[in-house]
Structures are given as structure tokens and as C-alpha cells.
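Scroll down for the structure; my scribbles are underneath it.
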Amino acid sequence: MAEKGFFRNRRLYFLALTTYMGSILFGYDTGVMGSVLALKSFKKDFGLPTDSTGFANAHNAQVSSNVVSLLTAGCFFGAIAAAFLNDRFGRRFTLMGFSVVFLIGAVVQTTAHHHIGQIYAGRVIAGLGVGGMSSVTPLYVSENCPPKIRGRVTGLFQEFIVIGVTFAYWLNYGVALHVPAGTKQWRIPVGIQIIPGAFLLIGLCFLKESPRWLMKQGRYKDGTAALAYMRCTTISDPDILQEIAEIRAAIEEELTESEGVKWKECLKPGNRKRFFIGFCIMFWQQFSGTNSIGYYAPQIFQTVGVSKTNASLFATGIYGTVKVCTTAVFLFIGIDRLGRRKSLLFGAAWMGTAMFIIGGVLHAHPPTNVNVVSHASIAMVVFIYLFVVGYSCSWGPIPWVYLSEIFPTRLRPYGVGMGAATQWLFNFCITEITPSAINHLGWKTFLMFGIFCMSMGTWAFFFIKETKGKSLEEMDVLFGVVDENTRREHVERVLNKGVVTAETEIEEGNKGMSVQLENVGVKY
């Protein structure tokens, strides 16, 4: 009797838990340096001015931009490289390679002392690893997921990112309170990222390759076995046979129509649209303003009036905790019920409103007394928290889910790689301009992000199709690459071919058995 529910998917959850160690690294590296840069011990060790807060000092603002944006620059190139390595070597081995690269970068950062250039170099190397993992991980997980829980499980990619960010926030707050000012104070949070990196590398040794990648290589037997293993069932399970038939039919269609040339597939109208949507959805995710707050949260809170370092780090920790809890609730209750499209529309309106209010309050009541947190400052902090609630229920997890599910099997590594690279490219732009924008524009920065949020909601209304509950192979029908009736015929042909093959093997096996029995003098 086939297992049901959680137990049938227990191996999938183990795969997700292991590979999402890479997401924790993504989030941790996002959050750790913004808080480390606010520590006086770090500023002192690397010759930075220690008598200013937020981005009031131009030199501190520039170093902050460099330290944060160099990671994203490395991530951009790592995501591009992953698209090609992923296709050639498979999801599992590619992830293993990028985890090694990340560990090298983490060690370089941790051993730095008095030379900010070594921090820069370590950030670039670690970025290559993080970027590669961000391109492979959602793809690897989605290719193993059944449609009913794909949104939830793939969306955990974002949940683990925010867990990593929040852990970095609270760790920095803890070392600021309990570790004496000195090199050890900033080196602990920078070095601790080595631990999840090591867990990822070790855990990957116990996982199997993606069944869809195996079948794309023509390894149908291995792909069937891998899928049955992940579903905790046998290769004769009717659900497994149906899913394998759909995968095989989709791959054969792609090969037939493009004659094996991938760039021809990319130019087909339905696929062109998917690449356009993948690019835009990751572009808009960055221009929501969330990573400006995520990377520079302590400085942002200082800007709106929470000026003391420990107080801003505490407010940052609360920000991350709100993000973790809201994302978790949405993934387990909302994403596979509300769907992708409605969540994106609602989230954009919510975030835009919050940004407009923050900008308006900051303009009307700018902080003046650094020793007192005013009512206006409290209001702005509350709306920053409300902003992240909207983000966590929409433009946080959904772009990664959507990106990993809309592309056909042969193009999925390139589509996800393109989207991840887009995310990192504009992530780099945002992190580079945020310190200067707040330094020069002040409250208008929040107004700018509010306008972006409303614009992305308008874009989603016209371009986003609902993918809730559909298999990965059904995306071809949704985006008009193949007619539904044609796909059904192809699937039935593959299933019939499988039945005929099975029957032939049984008949040949019976004939062989008859010959063997006759040779030993037994009538069959």
C-alpha cells in the first residue's frame, strides 16, 4: 500500500532541508555584513571612521557599498556559470562544486585583518558560490516536487534565506552585547557561515540526482528509479508511470520541434515570453526595496531615528523575525491556496502603501534628537515591519517558485540561471546605490521604492499567469507552446509504448523460461 502525505514525501523534505543550507548561506551573507559594518570593532580594525552612524559619513557609506555589492557581483557570475555547469554535470554535482567555492571565500573573509581588500576578495569568492547555489537549488527541489506541494516546498527556499538573514541579525546583536569590542567580535559572525556550508557539502553526498535531468540525458531507467525513490514508492506505481510519461513526452516534443538546438527553443513565442517574465519578476523583486533594508537594516533604522548601535541591531533582529514568521505562515497556508498571481498583486499594493507612508512620515518628522526615539520614529519602524509582512507573503518567495516551475525541462537550467543572474545584477545595483541614495535623497528614497512597488503590481496584472496545482510539464500548455490535446496524445503514446514494451519483455521472459525448463526435462 502506497504511503500518503508527509511520509510519502519525507525524502523530498530531507532533500529540501539539505539543499536549503545554501539558502541559509544566501540569507546569512545578505544579513551579516550589514550588521558587522555597524560594529565599532570592525571600523577600528579596518581604519574606518567610528564617530558616525548610518550613512552620515561618505567614506563609511562607500565601504558599505563595496563590501555588500561585491558579494552580489560574485553571485551574478556564479549564477551565470551555474546555468551551464548545471546542464552538463547535473544538479547535485554542481551544488557540491559551488559549496566548495563558497567555503574558500568564507575562510578568506574570516582570516582577514587590517586589510579591507581581503574582505573584498573573500566576498567575491563567496559570492560565486552563493550565486551558483541560488541558481541550482530551487531548480533541483522543484524537479523533485509533486504539483500539490511544489509551491510550499520550493517556496521554502525563501524561508531559509530569511532564516539565514535573521540568524545573522540576532548573532550580531548578541556579539555586540556580550563579546568585548575587538577583532573577535566581528570575526565570530563572519566565520560562523562555514558551518552551514560544511553541512551542505556533506549532505549532498547522500542525495540522488534530479529525475528530470537524468531523463533529459536519456537515462530513463535511472530517472524512473530516482523519482520512485523520492516518492517512497515503486517504479510500477501508476502515478510514477504517468509522471514519467509526461516528462518523456515533453522532452521528446522539445527535441523534435527544435532538432536538438536549444537556442531555437528559446526563440519560440511561448518560451520567449517565459524568459521575459523570468527576467522581469526578478528585476521587480529587487526594486521593491526589500534588499536595501535587508542589507543595511541597522543603518536604515538609524536613519529613521533609532540611532544607538545596539538599539538599531535589536530593531533589525525583530525585522528579521517578522520576516521568518510571516514567510512560514504564507508558505504553509497561503501559496498553494491563494496562488501566485493574487498574492503578487496584493503584496505589491501593500508594500507600495507602506513605503509611501514611511517616506511621508520621515519628510514631515525627521529625527533630530539622537538620544530619544520619537513617536514618528516608532511609526516608521512599525511600517518597515508591515512592509516586510507584505513582501514575505508575495514578492519574497513567489518569484523563486515561479522561476523554477515555468520553464521546460531542457531550458530550465538556463531560465533559472538567467533569473538568478538578473536578481543578483539588480541586487548589486540596489546595494550599490542605497547608501548614497539615503545620504543624498533621504525620505525620497522610500517614495522611489513605493513607486516601484505600484509599478510591479501593474506589471503582474498583465503578465503573470496562475501556475498553482499544475505539473511542470503542463507549463508548456499554459504558455501556448503545445496544444493540450496534442500533449495528451503524446502522453498516451508514451504510456502505450511503455505497456507494449513491458508486455514484450514478459512474453520473451516466458519463452526463455520455457526453453530452460524443457532443457532440464520439465514440461512448461
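From the backbone N, Cα and C atoms, a Cβ is placed for every residue, glycine too.
TrEMBL: automatically predicted annotations, no manual curation.
The transmembrane segment feature in TrEMBL is assigned to 12-39 (among others).
For 15-468, the entry in TrEMBL reads domain 'Major facilitator superfamily (MFS) profile'. As a whole-number mean, the pLDDT of the domain 'Major facilitator superfamily (MFS) profile' (15-468) in this prediction is 84.
Proximity of distant same-chain residues to the transmembrane segment (67-86), defined by a Cβ-Cβ separation under 8 Å and at least 6 residues beyond the stretch ends, is recorded for 29, 33-34, 37, 94, 97-98, 101, 105, 116, 119-120, 123-136, 139, 295-296, 413-414, 416-418, 420-421, 423-425, 427-428, 431-432. What TrEMBL records for 67-86 (among others) is transmembrane segment.
The transmembrane segment annotation in TrEMBL covers 93-112 (among others). Among residues of the same chain six or more beyond the transmembrane segment (93-112), those with a C-beta under 8 A of the stretch's C-beta atoms are 19, 22, 25, 74, 78, 82, 85-86, 118-119, 121-130, 132-133, 136-137, 140, 187, 190-191, 193-194, 197-198, 200-201, 204-205.
Among the features that TrEMBL reports, transmembrane segment is placed at 118-141 (among others). Counting same-chain residues at least six beyond the ends of the transmembrane segment (118-141), those with a Cβ under 8 angstroms from any Cβ of the stretch are 12, 15-16, 19-20, 22-23, 25-26, 29, 33, 46, 66-67, 70-79, 81-83, 85-86, 91-92, 94-95, 97-112, 153-154, 156-157, 193, 197, 200, 210, 400-401, 403-404, 412-413, 416-417, 420-421, 423-424.
Residues of the same chain lying 6 or more positions beyond the ends of the transmembrane segment (153-171) and with a Cβ under 8 Å from any Cβ of it are 9, 12-13, 16, 20-21, 23-32, 35, 137-138, 141-142, 145, 188-189, 192, 196, 294, 297, 313, 316-317, 319-321, 323-324, 327-328, 330-331, 335, 392, 396-398, 400-401, 404-405. According to TrEMBL, the transmembrane segment annotation covers 153-171 (among others).
Per TrEMBL, the feature transmembrane segment maps to 186-207 (among others).
Here TrEMBL flags 275-297 (among others) as transmembrane segment.
Distant neighbours of the transmembrane segment (317-335): 31, 151-152, 155-156, 158-159, 162-163, 165-170, 173, 293, 297, 301, 343, 384-385, 388-389, 391-393, 396-398, 401; these residues of the same chain sit at least 6 beyond its ends, with a Cβ under 8 Å from one of its Cβ atoms. Sequence annotations record features per position, and here TrEMBL assigns transmembrane segment to 317-335 (among others).
Summarising the annotation, TrEMBL assigns transmembrane segment to 344-364 (among others).
The transmembrane segment feature in TrEMBL is assigned to 376-402 (among others). A Cβ distance under 8 Å defines the sequence-distant neighbours of the transmembrane segment (376-402), meaning residues of its chain 6+ beyond its ends; these are 138, 142, 150-151, 154-155, 157-159, 162, 277-278, 281-282, 284-285, 288-290, 293, 300-301, 304-306, 315, 318-319, 322-323, 326-327, 330-331, 334-335, 340, 343-344, 346-348, 350-351, 354-355, 357-358, 361-362, 364-365, 367, 419, 423, 456, 464, 467.
Residues annotated as transmembrane segment in TrEMBL: 414-434 (among others). Sequence-distant contacts of the transmembrane segment (414-434) (same chain, six or more residues past either end, CB-CB distance under 8 Å): 65, 68-69, 72-73, 75-76, 78-80, 82-84, 86-87, 131, 134-136, 138-139, 262, 266, 274-275, 278-279, 281-283, 285-287, 289, 291-292, 295-296, 399, 403-404, 406-407, 445.
As annotated by TrEMBL, transmembrane segment applies to 446-464 (among others).
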Dominant neighbour of the transmembrane segment (275-297) in 12-39, 186-207, 446-464, by Cβ pairs under 8 Å: 446-464
